[in-house]
Amino acid sequence: MFRIMQKSKIHRATVTDKNLNYEGSITIDYRLMKLADIRENELVQVVNINNGERFETYVIKGEEGSGVIALNGAAARLAEIGDRVIIISYAIYNDDEYKPPKIVKVTEKNEPIEK
């Protein structure tokens, strides 16, 4: 049997920018993408801790080490700069393939917190 399971998440990231007139997506610091095993154009769910909004969008690679978490297009209406969000990626696994998700916790400046 195949199941849709959490593959990874970036936990409590801070929205640093938003651009309503962009074509859509979320821009994520490439360093965080690598740590969370999230690829450019991958589908992610974004959960806004401040207002409870949940939405899906795709990922654009941001400058590595910049700390950028930017909401683009329609998603820019769903959060404010400074809001904290959880960015979740999923994968389809069979029971033999599954491994626990990668969790990347970050500071208010979107710097990874070492385990």
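From the backbone N, Cα and C atoms, a Cβ is placed for every residue, glycine too.
The following features are taken from Swiss-Prot:
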ACT_SITE  S25  active site, schiff-base intermediate with substrate
MOD_RES   S25  pyruvic acid (Ser)
BINDING   T57, G73, A74, A75  substrate binding site
ACT_SITE  Y58  active site, proton donor
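In this structure, the C-alpha atom of T57 (substrate binding site) lies 5 angstrom from that of the residue listed as 'active site, schiff-base intermediate with substrate'. For the substrate site, the Cβ centre of T57, G73, A74, A75 serves as reference, and the other residues of the chain with Cβ at most 8 Å from it are G24, S25, I26, F55, L71, N72, A76, R77, L78. Of all the Cβ atoms in the protein chains shown, 19 others lie within 10 Å of the Cβ of T57 (substrate binding site). Sequence-distant neighbours of A75 (substrate binding site) (same chain, 6+ residues apart, CB-CB distance under 8 A): K18, G24, S25, I26, V46, F55, T57.
Residues within less than 8 Å, Cβ to Cβ, of Y58 (active site, proton donor) and separated from it by at least 6 positions along the same chain comprise G24, S25, I26, N41, E42, L43, V44.
Most other Cβ atoms within 10 A: among the recorded positions S25, G73, A74, that distinction falls to S25.
Here substrate is bound by T57, G73, A74, A75 per the record. The longest Cα to Cα distance in that group is 10 Å.
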